[in-house]
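Noted in TrEMBL for the protein shown:
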- 102-242: domain 'Peptidase S54 rhomboid' (DOMAIN)
- 61-78: transmembrane segment (TRANSMEM)
- 98-123: transmembrane segment (TRANSMEM)
- 129-155: transmembrane segment (TRANSMEM)
- 191-211: transmembrane segment (TRANSMEM)
Amino acid sequence: FTGSAFGSAAIWQYEALKSRVQSYLEEARADWLDRIRPQKRGDLRKQVNSWWNNLSEGQRTVTGIIAANVFVFCLWRLPGMRRIMFTYFTSDPSSRALCSPMLLSTFSHFSLFHMAANMYVLWSFSSSIVSLLGCEQFIAVYLSAGVISSFVSYVAKMATGRFEPSLGASGAIMTVLAAVCTKMPEAKLAIIFLPMFTFTAGSALKAIIAFDTAGLALGWRLFDHAAHLGGALFGMWYVTYGHELIWKNREPLVKAWHEMRTKNTGKGGG
């Protein structure tokens with residue numbers, strides 16, 4: 001799954017750059033027409049476009065992820081969907097569905113507070129992580145983090161014999177948080193309810209890892225501590241080694257895709 005995610009992200013980046021170059025003159029012409037065309041006032045579409053354009057690239061990137069989480073949260077409110085939600089949107093190694101829940105549970109929250117807290121953290125770190133990795137690479141890392149953290153959770157549940165369903169984006173968000181804190185350990189962070197207390201990102205990461213390690217060792221059931229640890233360790237590993245080992249070696253795949261696209265274009269007479 002992670003190989004497909006990174007491969008698709010590399011091709012997506014190639015296509016996006018290609019499309020951006022081809023549409024440059026068209027966008028310039030559209031901007032010129034907008035300047036000479038009479039402007040409509042109070043147009044809702046323009047207000048939405050203005051709001052969207054004022055967002056950072058990271059905030060625009062995670063908007064789709066947040067929308068998917070809200071949609072799945074609404075599905076939990078439908079009584080007729082409960083059986084499907086428990087089967088495919090919670091991760092449990094004793095379930096009859098094992099693979100798809102590893103990804104789908106990453107977008108699943110039953111509690112409004114749980115979803116709101118996770119999405120707030122994702123929104124807060126979105127600009128930093130996307131400026132660090134880029135949109136396409138971030139999506140590949142985020143999806144991979146969800147599956148990897150779920151897999152670590154599976155292993156821990158099998159090892160301890162505690163088979164209970166878990167859900168939520170916390171594992172993937174821990175990857176985002178750990179990646180940013182590893183790259184920018186001196187950045188200042190604060191808790192939303194206690195903004196007067198600040199601490200460094202490096203200290204926050206150490207505290208979180210210590211808390212989840214203690215929770216896993218002592219059998220606490222407040223959170224899925226194994227998933228948190230799996231996500232955090234993956235984030236630390238990826239920004240330290242994974243980016244060099246995986247993303248920077250995408251050239252052969254992109255070259256093969258380019259040659260295939262060029263060959264198909266030539267056959268089509270384009």
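Cβ coordinates are placed from backbone N, Cα and C, and glycine is handled just like the others.
Residue counts for the domain 'Peptidase S54 rhomboid' (102-242) under DSSP, helix first, then strand, then coil, are 104 helix, 12 strand, 25 coil. Taken as a whole, the domain 'Peptidase S54 rhomboid' (102-242) shows an average pLDDT of 91 in this prediction.
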